[in-house]
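A.B. asks: These came from TrEMBL, pasted as-is:
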type     : residues : note
ACT_SITE : Ser182   : active site
ACT_SITE : Asp207   : active site
ACT_SITE : His378   : active site
COMPBIAS : 281-293  : compositional bias 'Acidic residues'
DOMAIN   : 105-391  : domain 'AB hydrolase-1'
REGION   : 1-63     : region 'Disordered'
REGION   : 281-308  : region 'Disordered'
Amino acid sequence: RRPRRSAGPVSEAESGGSQGVGAPLGVMSALEKQLHLGRLPPRPPLPGGGGQSGSKMRMGPGRKRDFSPVLWSQYFESMEDVVVENETGKDTFRIYKSGLEGPVLLLLHGGGHSALSWAVFTSAIINRIQCRIVALDLRGHGETKVRNPEDLSAETMAKDVGNVVEALYGDLPPPIMLIGHSMGGAIAVHTAVANLVPSLLGLCMIDVVEGTAMDALNSMQNFLRSRPKTFKSLENAIEWSVKSGQIRNLESARVSMVGQVKQCEGAASPECPKAIVEGIIEEEEEDEEDEEGGGSVNKRKKEDDTETKKEHLYTWRIELAKTEKYWDGWFRGLSNLFLSCPTPKLLLLAGVDRLDKDLTIGQMQGKFQMQVLPQCGHAVHEDAPDKVAEAVATFLIRHRFTEPIGGFQCVFPAC
């Protein structure tokens, strides 16, 4: 096969006066170009192997993705620290809020995440329906400060949710829909079953099912050990979250990871072990050094690690590995608890294969609405915030809990 020619001016002599399928691309019509290119074999993979998941696609000279952190204020209207008092002292819970009217969507994040994981979802749904957003940092997570952050039992965290609602609204809370992802979904169910939110009007779980969750617990410690212990910067943490596939949406990662990591207090801090920072080197930087011949990449990385001061490192805000004793309590019996809730229910999943037996039967009996959002990772509301916002908005409008705004059109699921 003749090599492809670059598109450009072509003389009639070169083209042979023909514009058929065999004519050079420079003188073809748009349709003929498309037909011709469709007959060519696919381009060979880039050197080094791997697809888009292995390394980011090069978008042109000097084109780099921006991994810098983004402030919460670009997505939420306000931030507040809610003080909960009891007989033993005070606890302070961080919340982020948006919206002035409509039902309250109380958002509960997954284990290790924070309220900031709902940032992009918040901006998406607030423009679709009349609602108010309250995104909560659960105990031991984000900026919430409690006297016993190690107590992450389902019962304790469910009580926290009820206490925050009472502190915010007193004896007359507005209609509230609980929406939780993963661990947060389990806590939402436990909160609903215990009737800790008396004005509850709906319940939504995102990618949490008892059967698959219990099966996954066996490999959870291995997953946690595979994560980096420290990051040399917030940018480095954000880059890791995207390239590792933990969060598949860069926009969400730039605001969400800020709530997942914290700056180490000092070189001797036990939270920041003396280990090599697991940095990620940009492909562009590698290429530049290779072209200039200015030393090996490994040498530069080692020098960067040496120069990085330990007190400037970032580590995880919560050590999830130490919460293992609570995992069983979060998820065991969750499916039947979810089905027993008398309020309208919505289940959003990243894949239909995640359904267990109890939920499959319940779904066939019409006990809850289910929607599968493919091409998402576990953090569905971060990977596809617009689709999740549409699903939640449609659910609320369908039950006449709110009204659409901004010309939002509901698309009711077929099943």
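Including glycine, each Cβ sits where the backbone N, Cα and C put it.
Note that TrEMBL annotation is computational and uncurated.
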A.B. asks: Looking only at the domain 'AB hydrolase-1' (105-391), what is the mean pLDDT?
C.D. replies: 87
A.B. asks: At the level of the C-alpha atoms, what whole-angstrom distance separates Ser182 (active site) and His378 (active site)?
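C.D. replies: The separation of the Cα atoms works out to 8 Å.
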A.B. asks: Could you say whether, by DSSP, Asp207 (active site) belongs to a helix, a strand or a coil region?
C.D. replies: coil
A.B. asks: List the same-chain residues at least 6 positions away in sequence whose Cβ sits under 8 Å from the Cβ of Asp207 (active site), in sequence order, or say none.
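C.D. replies: Within the chain, Asp207 (active site) has Cβ neighbours under 8 Å at His181, Ser182, Gly185, Leu348, Leu349, Ala350, Arg354, His378, Ala379, Val380.
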A.B. asks: Counting across all protein chains present, how many other Cβ atoms fall within 10 Å of the Cβ of His378 (active site)?
C.D. replies: 19
